[in-house]
Structure formats: C-alpha cells, structure tokens
Amino acid sequence: MRIWTLHLFTLAVLAVLLATLPPYHATNLARILVLAVFAIGYNLAFGYTGLLSLGHALFFAAGVYGAALPITYLGLPQLPALVAGLLAGGLVAGVTGLLALRTAGVSFMIVTLMFAQAGYLTLLYFGPVTGGDEGLVLPDAAALLPGLSADVARATIAYALFSAALLSSLALVQSRLGRTLVAIRENEDRSRMLGYNTFAVKLTALVLSGLFSGAAGAAYALLFGYAGASFATIQYSILPMLWVLMGGAGTVLGPLVGTAAMFYLVDIAGSYTTATLLFVGVALVLLILFAPKGILGTIRERWLTWLP
Amino acid sequence: MASVILSARGLTRHFGGLRAVDGVDFDLQTGDIHALIGPNGAGKTTFVGLLSGRIPAQSGTIALAGEDITRLPAHARVKKGIAYTFQITSVYPRLSVFDNVALAVQQTATRDLASDVAAALSRVNLADRATQTAGTLSYGHQRLLELGMGLALRPRVLILDEPTQGLASGEIANFKQLVRSLAPETTVLLIEHNMDVVMDLATRITVLAAGRHLATGTPSEIRANPAVQDAYLGGHDASA
Amino acid sequence: MESAVTAATLALTAVGLSLVFGVMRVVNVAHGEFFMLGAVSAWFITTWVGGPAWASFLVALAVAPLFVAALAALADRIVLKRLDYEPEATIVATIGLMYIFQQAALSFYGPQAMPVEPPFNFRIQLPWFGYSAYKLSVILFATLVLIGVWLFLTRTKAGLVMRATQVDRETAQAFGIDVDRVYAGVFALGAGLAAIAAVLIVPIQQAHYLMGHDPLLLAFITVIVGGLGSLRGTIIAAVFIGLSDGLIAFFWSPTLAKILATLLVAMVLVFRPQGLFGAKQA
Ligand SMILES: Nc1ncnc2c1ncn2[C@@H]1O[C@H](COP(=O)(O)OP(=O)(O)OP(=O)(O)O)[C@@H](O)[C@H]1O
Ligand SMILES: [Mg+2]
C-alpha cells in the first residue's frame, strides 16, 4: 500500500511542478521526464535483470527514427508515430537480444556496443534519408495535441508517458515476471535449475527495455522537434547507465532521481565550462568507486528496506 | 517389478582426456530412494549433471518415463519433473527466504502463491524465517532452503547432491525423516558420502568409480560386494 | 604504404589493449584516450622543446609514452585497483576515465587539430615509386618495439611474472608475486604502447582531442578478431586489418566498411568467441 502511495504522490508532485513552473523550467522538467522513461527502460535490463548493455542508444534511436521517418516520408500523424517508435525500439531490442544474449558479461557489453555503433554508422550511411548528423526537423510539439500551445502539449505528453512508464514498471517489478528477472540477475544457474528458460526471460527483459527506450526516443523527437543520428552515438548508451547508477540500479524511482540529479549537475556545470562531459566522467568514476548502489539504493539499504 | 522413471544408456562425458563419466547404464525405479555413491572424483556430480541437463552429454541417451530427453535443455527437464539441488549450496542469497521459495512455487500451477510458499517452507521447518534474507541463514538452514525449493517444484524425480554435507547430526535426523516422507510420490536420487544416511534411507544403491558403473543393488548386496569394497579400500574415500 | 603504416600503429595500439585484457581481464575503454594523450603530449613537447624537428620529435617519442604510462599507472592505483578489477565495474570506470581524459584535453589543448612536424622529410626514390622515408621508419620502429615487447614477455623475469599472473592470479600471489605492481605495470605498458603509436602517427595525422575514438574501435576489432588475450592473434589480425583497410576502402565507402567491421566483431564474439585465428577451446 505505502509503495503505491509513494509513487502516486511522486506523480502528483510532478503534476503540480509542471503546472506551476515557468515555461523554461517546465520544459526542462518535461525533458527530464522523457529521458527518465529511457532510464526506466535501461533499469529494467541493467538494474533488475543484470544485463549491462552498452547499446541502448540503438533502441533510443530506433524510437527516434521509428517516429520521425514515417512522419517525414509517409505523413503519419504524431500520436501513431509515437506508437511506431515504441514498437521500433522493442523490435530492434529483440533482434539485438537474439544475437547478443548468446554472450554474457563483458562480451555482452562489447557486442551491444558494436551493434549500436553499427546502427549509428548505418544512420550516417543513409544520410540522405535520415539527415545523418544534421538530422531532420520535425513539426512543432503543438501538432501533438491540437488546440494546446507547444509548451502545454509537451508537458502533457511527457507527463502522461512518464506516468505510464513509472506505474507499469512498478507493476512489472512486483509481478512474478519481475521476481524472475531479479532471480536471473542474482543467480542464473539456480534459475535455470528451477525450470526458467533464462534466455527467453532475458530476451523478454531486453524487449521490454527496448519498448520503454523506443517510446522515450520517439517522444523526445516529437516533443523537441528533431531527429538526428547523434542519438545513436555511444553517449546515449552511457547516459542512461549513468542516470540509473546515480539514482539506484534496481529501484523503481531511481531512474527519475538519477536523471534529474545528473541533468541539473550538468546544467550548473555548463555555466562554468564547455567541457560538461567531464562531469559525466567524474560522476561515473565516483559512483562506481564510492556509491555503486546509487542514491535510492543506498537509502533502501540504510532506511527504507521496503522500497521496490 | 516397479516401472523405470529415469534411465540412462551409455552416458558419457569426458573433460579433455579425463573420463569423468564413461559409458554408464543406469535405471531409476519409480518410488525408490536411490543412493549414488563412490569415491571423490568418481564422477557422481557430473553424472547427475548429465541427467539434469546442466552438462550436455557427449554420447549416450537419457529417458524420462520412456521419453527421450537427451537433447532437452536443463530448464525443460525441470519442467518435466526433474528437480536438482547443487552440491555447493545455491540459493539466492540477497533475496528473502519467501522469494527464494516463491521462485520455485510460481513455476507450478499455483492459485495462492503466498499460502503455497508458506506450506513449502513449513515442510522444511523454515516457516518462521520467511522474511529473512537467505544469505543470513545458517549453512544448515540454507541447505534446507534449497531442499525446500526443490520440493516446491513438486518434482517426479528429486536429485540431491550431498544434501547432508555440513549438517549437524540433529539436522541429519530431520533430513532423513523428510526424505522418507517423500516416497513414493517423489523418486529420490541421492548422492551421499555419509554411509549411515545411505544405509538408512536407500532402497537401492549404485556405485560409480572412475567414471564407470561398478555395481547396483540393495544395501546388503552392495555391502557384500567385493568389487565395491576394493574400490573404497583402494580409492581415497575421505568422508565415508 | 599507407596501409602498412596503419597496420604498424594498429598493431602497437591493439597489443597494448590485448595485454591489458589478457593479464588483467580489464576491457579498457579509455585506451583510445591514452592514444590521444600520446599525440597531444607529443604536440606540447615538440612545441616546448623547439630546436630542430628531429631533436624535438625524439624527445617527444621518449617522453610522451612515459608520461602516458605514468598516468595509466596512477589511474590503475586510484581507480581500478579499488574496484578489485571486477570486470563490469572496471568498464564503467574506464568509460568515466575516457570522458575525463577527453574533456581534460579539450580544456588544456583546445578543440583544434594541430600538426607535429616530421623529424625528417625526404623521399626514398626507387625505380618505380617514391617512398616517404618517415613512413618507412614508422613501420620499422613499430616492428622493433613489437619485437622488444615480445622479447620482454618471453625472455625477461618481469615478462615471466606477467605471464604467470595472467595464467592464475591467486597462485601468482601465493608465490609471492606482487600482483598489484604487475597490474599497474601492465596497465602502464599497454597505455605506453598506444602512446608510442600515437607519437609515430602525429606527423602524418594531426593531434585532436577526439582522435582516440577510431583507434579504440579499430583496436577493439583487432583484439577480438585476433582472439581475446592472444598476442600472436592480435598482431596477425592487426596486419590483416591494416592492410585490408586500404583494399576495402577501394571497393566500399569508409562508412560501409566500418559498419561491416563492427558487425563482424559482434558476430565473432557471438559465434566464435575464441577469435578468428584463435584455437577452439575444449
Ligand atoms: N567442468 C569440469 N572441467 C574439467 N574437469 C571436471 C569438470 N567437472 C568435473 N571434472 C572432473 O571430473 C571428475 C569427476 O568429478 P565429479 O565432480 O563428477 O566427481 P564427484 O564424484 O562428484 O566427486 P565428489 O565426491 O568430490 O563430489 C573429477 O576428476 C573432476 O575434477
Ligand atoms: Mg560431487
């Protein structure tokens, strides 16, 4: 009970913030919420199932282009394009998983990295279609919800998507499937000898993770009116990992906390230096050295053991 | 004559030049408590690994109730009713005792997960520890937990690899009682070095030595078998 | 000729990566940045030292790799050792180091690409072709360094200790080998090799703070195709990849060639983890 209360309360606070903050900050928050959906997806694979992927940029970019290409070339309306992006993320994750999940550990990391790199290069190779590094400009966010201003439409869609992602991920990790994912992370051999087809379960986790990532990519492209190959660069695989590590791997609210914390950290740093990625690097090293459980992971360990 | 639930023919697995299991024929009778014994390194763990599918067989066949399962992956064999507990205790140390057993129970057709888990826990006398983290249980309790997980799968064949290793004598008595209560619904294949346990529990015994099948028979037949005595006296059995 | 230079420097970079993986089981994502730091510090050194090009270049060739190696040893002590070389944690940490080195270079060196003058600049005229003497000497020098590494690993006590640690860390420790020192040494050696490659290449390419990306990718490809941790496989693969680089670019666009190469690496890891040239393990 208190679990659902906590999460619904978080959503209520976010709604109030979105409604009352000045437009610049509300737009930042919308951006954080969409990126947090990406982090939630990453967390399903890494935090719960123990699949440390370095290729999630590919799933995010699949969402970006799964939405952007049909809009640009087929004139698909915005909301169906969002669904197309979500499905594209899941599909690409499934294909990747079928191959990459034949490996584990370090090999899995490198294979996913290589797939994402190949995906990025492919986007460049088909530059005339994808816009390559220059990218494609998409219609304004106002086109998403006719009748509303771009700012309001953006906030509404970001909020709806994040709420759906947060609550479905909460339901998922509390379900039998969620318990199974954790079991595979904790002891794959034992899980196999309890009759779990561990390959199939891991593939399921990766596809779910890809659906979240794809939805986030599609929403990001639609809300901010831009699709580009840069979304497939390694940086977009590292960032969700960083957000999840920061917020707490294997916690439901961790992705939101980590994404927000890192966003404002880089934002503040950006007013002092152009080398903002320095902070990404320093944060990664410090986290892995001193707080591998992240913010919420540490809080759960010390105080709130019931936190999902 | 009872029916054979699990059988192996010519089962073989070599590690490099080492013949860990070498052309073993084996029949497990339904309802038996069948002990598998042999000196250290005889190939017992490898042999049951082949039966359960943890280790792929190089040659030979395995049949469960007449159905060929040689090529079936381990998880599918578990689904068909072969449960396995590891020689080296393997639970989920960072999950609660409840979750450990729930992971087994949810593999069966269960209506009420919580009460089925509670029932499975009380079978191994761990009902009052459901919320504890498994890794903080004593060694003996962890072994019981693993046994409880195996039982919760409601298997047709339960394979136990040295379940009493490291248990106190009181715990061993409880264990014997528990295993006896499983027959005849569950057939038990038991690897065991403790000869008291073997002679007490087993309805039939198979002896492996250096990867080969040496003898099968009732406890008294095995005790009287000169070849077995040789293997044990000539071998390096440390813990019998 | 171009391809032979690529093969030679790639072999150096990849052997460095392979050593680190082989002995320490560490996948060093920051390896490309050690390469970049080698090039950038060569620029700084030649600029500071001044004097004739050959003299300042020689100083850079001697000092830059040492500087990079020292930096690597420091990173090993401060970061990797504390993670107890746990594979996944070290990858995350070296990703962090990658950004730190890269952005530090951006801050101190700047975003522009700058050249280093080659130590000598004449062509060797043969009846049919002219060869740049510098490029020839790069190949020669890289080969000598590789032979040196080979002799070091097979003929010296320190090399023996490294290989013993590679085979079995615990046993090595039990025999009184100071594993911490070996690891720091290997990490420094790996980074130093990448830096040597970079110093050799700056007179041909220019130094830039993002230049570590391609060598990292190529070195990865080489190490994986050659078989993880196998030095012989790595060198064979480096020569093969370096030489075919020019050939492939002749038929395909460089982007397509890179796509195929990265997919090849992924497929090798999935279907032939021992590498294309490695022996199949039991
Ligand atoms: N994965 C493996 N690779 C190489 N050799 C192995 C492997 N597993 C087992 N062996 C070897 O096979 C032989 C049989 O091992 P196994 O574990 O089956 O013996 P065991 O009868 O269970 O012994 P114990 O009573 O000590 O448990 C041993 O010599 C062992 O070293
Ligand atoms: Mg054994």
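Residue 1 is the first one shown; counting continues down the chain.
Heads up, the Cβ atoms here are built off N, Cα and C, so glycines get one too.
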I'm validating the feature mapping. Which of A:58-76, A:210-228 is tagged transmembrane segment in TrEMBL?
A:58-76
Transmembrane segment per TrEMBL: which of the ranges A:82-101, A:182-201 is that?
A:82-101
Counting Cβ pairs closer than 8 Å, which of A:58-76, A:108-127, A:152-173, A:243-266 has the most of them with the transmembrane segment (A:82-101)?
A:58-76
In the same chain, residues at least 6 away from the ends of the transmembrane segment (A:152-173) whose Cβ sits under 8 Å of its Cβ atoms read 3-4, 7, 10-11, 14-15, 18-19, 26-27, 29-31, 33-34, 36-37, 40-41, 43-44, 48, 141-142, 144-145, 181-182, 208, 212, 215-216, 219, 222-224, 252-253, 256, 308
For the transmembrane segment (A:29-51), which partner among A:58-76, A:243-266, A:272-292 gives the most CB pairs under 8 Å?
A:243-266
Under an 8 Å Cβ to Cβ limit, what residues of the same chain, 6 or more beyond the ends of the transmembrane segment (A:243-266), are close to it?
6-7, 10, 28, 31-33, 35-36, 39-40, 42-43, 46-48, 162, 166, 169-170, 173, 182, 185, 276, 279-280, 283-284, 287-288, 292-300, 307-308
